[in-house]
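Here's the structure we're looking at; comments come further down.
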């Protein structure tokens with residue numbers, strides 16, 4: 001059953017739960033020692049922390065709500081709504097870490113959210129192919145592996161100062177792939193039942209990509225302040241998901257003439273807002289405890 005209203009409501013609930021889980025896992029990352037020992041591994045340190053598992057449980061609930069939303073609406077409807085998690089995460093992070101958001105941060109975060117909202121309201125997305133052929137998937141998967149692998153190497157060995165930002169982009173891109181695979185898996189389940197999920201590769205690819213995204217996300221949290229990595233994740237995920245929704249699933253925006261200009265401006269505002277947020281840091285050093 002297609003219902004954009006239900007899709008938006010479930011996506012909004014997902015955004016709310018994403019925010020809390022993100023803040024919890026980032027606080028754990030800030031407590032991780034950076035002495036090069038095995039104990040300093042962001043992933044191992046997180047796995048040994050009960051609150052991380054609480055945060056992950058919240059993240060799983062958020063993902064379940066996102067999946068339900070995808071059952072009611074297209075990827076191009078659900079994905080932009082999830083960017084609202086940024087509006088909830090930044091104030092929560094400020095509250096838990098004992099600092100105050102600047103007006104400029106609030107301005108850019110609001111502008112980012114408004115821009116994404118314009119894209120969904122003006123775009124009026126149409127559904128695509130519920131089960132695209134494999135030859136549509138292979139090129140985008142190969143390109144994704146090459147680009148994200150290259151970005152990881154840059155963050156590790158070349159652009160260490162911007163490691164949190166770059167890993168945030170990689171995380172967002174991975175979850176963009178997760179979003180598309182989620183939509184494909186949901187459509188498989190709706191049309192073919194559990195047998196369709198078992199006999200097709202999309203469900204297994206979804207699990208693998210989601211696991212990889214969670215690991216990279218924890219490393220991005222450990223690499224720096226939340227204001228560095230979170231905006232990058234927030235902007236990369238819908239852009240990658242939009243692109244794959246067009247290329248793989250065949251979903252389309254109902255946009256004509258001047259509306260394309262408005263959509264382009266909204267996309268530009270999204271990018272500028274993300275850069276502005278990623279370059280702003282209000283968390284005092286003393287809060288990293």
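Yeah, the Cβs are placed from backbone N, Cα and C, and that goes for glycine too.
The transmembrane segment feature in Swiss-Prot is assigned to 4-24 (among others).
If you look up Swiss-Prot, you'll see 44-64 (among others) marked as transmembrane segment.
Beyond the ends of the transmembrane segment (68-88), by six or more residues, the same chain brings 1-4, 6-12, 14-16, 18-20, 22, 109-110, 112-113, 116-117, 119-120, 123, 125-128, 179-180, 182-183, 186, 190, 230-231, 234-235, 237-238, 241-242, 245, 249, 251, 253 to within a C-beta distance below 8 angstroms of the stretch. Sequence annotations record features per position, and here Swiss-Prot assigns transmembrane segment to 68-88 (among others) based on sequence analysis.
Positions annotated as transmembrane segment by Swiss-Prot: 106-126 (among others).
Marked as transmembrane segment by Swiss-Prot on the basis of sequence analysis: 138-158 (among others).
Positions annotated as transmembrane segment by Swiss-Prot: 166-186 (among others). Here the transmembrane segment (166-186) has Cβ contacts under 8 Å with residues 63, 66-67, 70-71, 74-75, 78-79, 130-132, 141, 144, 147-148, 151-152, 154-155, 159, 197, 202-203, 205-206, 209-210, 212-213, 216-217, 219-220, 223, 228-241, 243-245, 248-249, 278 of the same chain, all six or more residues outside its ends.
Annotation comment: Swiss-Prot describes 196-216 (among others) as transmembrane segment, evidence class sequence analysis.
Positions annotated as transmembrane segment by Swiss-Prot, on the basis of sequence analysis: 230-250 (among others).
Per Swiss-Prot, transmembrane segment is recorded for 258-278 (among others).
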